[in-house]
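Participant: I'd like to ask some things about the structure below.
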Amino acid sequence: MKLILLGAPGAGKGTQAQFICQKFGIPQISTGDMLRAAVKAGTPLGLEAKKVMDAGGLVSDDIIIGLVKERIAQADCANGFLFDGFPRTIPQAEAMKAAGVNLDFVVEIDVPDSAIVERMSGRRVHVASGRTYHVKFNPPKVAGKDDETGEDLIQRADDNEETVLKRLAVYHEQTEVLVGYYSNMAASGDKTAPTYVKIPGVGSVDGIRDAIFRALGA
């Protein structure tokens with residue numbers, strides 16, 4: 001089972017990725033983890049990536065694709081893998097295809113922007129313990145206070161509405177085009193095309209999980 005999960009920040013990809021990886025016995029692979037592991041191991045690609053990062057640059061798609069090929073050749077990928085946050089752009093998707101990295105499924109978790117803003121801007125955190133709340137979906141017993149300690153809850157900078165809207169704008173501009181790329185590829189009759197699946201991401205976590213499993217034939 002080789003697949004990628006697409007969806008805006010806050011769509012619930014992280015939660016669903018864990019369910020999928022447990023169900024199919026596959027690793028979740030993120031470019032960040034790959035880069036850190038390669039740099040730590042001192043591989044040729046890792047050293048190349050480190051040079052770029054130390055200079056404050058963006059690691060090229062060529063290096064990323066090289067790392068992907070190295071990573072998926074490892075033993076834990078024998079049954080497949082789930083790409084998290086990769087590919088992000090059409091050039092990356094095309095480079096991956098050219099490198100012979102084929103996928104079985106592309107799963108898009110589709111959540112309206114308004115629901116994502118509500119989800120993320122309503123989050124509140126107790127910094128010391130890491131306990132999280134939501135003003136609507138999981139409110140503390142006393143507004144703005146941690147249930148255990150009574151200490152103040154905060155809204156992380158990442159979760160304020162303005163920041164969420166900016167991140168959504170970047171997603172729509174850069175990554176959402178992949179939705180069209182993969183759905184067109186699937187419709188074109190290309191034999192290497194992955195099956196493209198769109199799952200509504202509003203509802204219970206378990207309901208969304210079950211819909212994804214059905215789509216993946218599990």
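Note: Cβ is positioned from N, Cα and C throughout, glycine not excepted.
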Participant: So which range, 30-59, 180-209, gets flagged region 'NMP' in Swiss-Prot?
Facilitator: 30-59
Participant: Could you tell me the C-alpha distance between GLY12 (ATP binding site) and THR31 (AMP binding site) in angstrom, no decimals?
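Facilitator: Here the two Cα atoms are 18 Å apart.
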Participant: Including all protein chains shown, what's the count of other C-beta atoms within 10 A of the C-beta of GLY57 (AMP binding site)?
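Facilitator: Step by step: centre on the Cβ of GLY57 (AMP binding site), count other Cβ atoms within 10 Å, giving 10.
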Participant: Sort the residues of the region 'LID' (122-159) into helix, strand and coil with DSSP and give the three counts.
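Facilitator: Secondary-structure breakdown of the region 'LID' (122-159): 3 helix, 10 strand, 25 coil.
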